[in-house]
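Worksheet: the structure to be examined is printed underneath.
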Amino acid sequence: MIKVGINGFGRIGRMVFRAAVKNFGNDIQIVGINDLLDAEYLAYMLKYDSVHGRFEGEVAVEDGALIVNGNKIRLTAEMDPANLKWNEVDADVVVESTGFFLTDETARKHIQAGAKKVIMSAPSKDSTPMFVYGVNHTSYAGQDIISNASCTTNCLAPIAKVLNDKFGIVKGLMTTVHAATATQKTVDGPSKKDWRGGRGILENIIPSSTGAAKAVGKVLPVLNGKLTGMAFRVPTSDVSVVDLTVVLEKAATMAEINAAMKEASEGELKGILGYTEDAVVSTDFRGCANTSIYDSKAGISLDSNFAKVVSWYDNEWGYSNKVCEMARVIAAK
């Protein structure tokens, strides 16, 4: 059993917890949660969720600890990860999901506190290696601190890999139409660095930057410098969609591209890349554990070398499931 600690019980921290209990119960045991909020409120936020519904299990607080389905989970409220004493709960892996400790230097405080490995649930801000499960996880070589990249990179990388493997990508532009996240404002408010990002999400489509496309070059070096992209933040609570437009080296019809995606979804990328031929919309993918679901009916091509492909992702649930998958990978080495 892999013992996992979670630092930061926000959207991703809670979804990683739920995924571990629901889909990885035979492999992963959550042994500790560090968050500055009090125990009763952490239990409440785990139990009830506006997007994903009620937690399927028993949740209680006892003597300052969280009790979930009879299992005791240590709760702490430390600002500094160096004080977390992960050795006391034998943490094999710590999921760093506060969004604050995204360099080797800062995340290493978990190692100093007794954790064996650390997964950042966001792109690293330094040279910490990034992994996308299903795309480059087999190249993991025992590093004690890794990044699970972003939810958007986890959606984009599988389809980019299939396109490049089968047809070759000369260059490409990505747009993600992205659901709202916790950093956004419900009404207009101050945002010094990103003025547009300070506008209210309830009534705006907000153009934003994203490093997700460039990050694909880190998990697939063959595509380094060939992709870039942007985001539109939209007034939905969950599920986002990647629109990737590429110039291909080899000529390909949309039927051939669809066939390549379907083959990959049933083969090497099964469980990571999904495939649909249905007339779907975003809420149809809420709760889907695949990180990228290719929409065969949404893609278009201008000619045999210029095509647009579309892939959906539950930016909370799909991503969090792959954090758990990567925890299994790094705990095994």
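Including glycine, each Cβ sits where the backbone N, Cα and C put it.
Secondary structure at ARG11 (NAD(+) binding site), taken from DSSP and collapsed to helix, strand or coil, is helix. Summarising the annotation, Swiss-Prot assigns NAD(+) binding site to ARG11, ILE12, ASP35, MET79, SER121, ASN315 and lists similarity to another entry as the type of evidence.
If you look up Swiss-Prot, you'll see SER150, CYS151, THR152, THR181, THR210, GLY211, ARG233 marked as D-glyceraldehyde 3-phosphate binding site, on the strength of similarity to another entry. In this view, THR152 (D-glyceraldehyde 3-phosphate binding site) is surrounded by 27 other Cβ atoms within 10 Å of its Cβ, with every protein chain counted. Look at THR152 (D-glyceraldehyde 3-phosphate binding site): DSSP puts it in a helix.
The feature active site, nucleophile is assigned by Swiss-Prot to CYS151.
Under the heading site 'Activates thiol group during catalysis', Swiss-Prot lists HIS178, citing similarity to another entry as support. DSSP gives HIS178 (site 'Activates thiol group during catalysis') a strand state. Around HIS178 (site 'Activates thiol group during catalysis'), taking its Cβ as the centre, 23 other Cβ atoms fall within 10 Å, counting all chains.
Looking at MET79 (NAD(+) binding site) and THR210 (D-glyceraldehyde 3-phosphate binding site), their Cα atoms lie 28 Å from each other. Each of the binding-site residues ARG11, ARG233 was scored by the number of other CB atoms within 10 Å of its CB, and the largest score is that of ARG233. Taking CA atoms as the reference points, ASN315 (NAD(+) binding site) and CYS151 (D-glyceraldehyde 3-phosphate binding site) are 5 Å apart. Using a 10 Å Cα-Cα cut-off from CYS151 (D-glyceraldehyde 3-phosphate binding site), the binding-site residues that qualify among ARG11, ASP35, SER121 are SER121.
Taking the Cα of ARG233 (D-glyceraldehyde 3-phosphate binding site) as the reference point, the closest of the recorded positions ARG11, SER121, HIS178 is HIS178. The two recorded residues THR152 (D-glyceraldehyde 3-phosphate binding site) and HIS178 (site 'Activates thiol group during catalysis') have their Cα atoms spaced 9 Å from each other.
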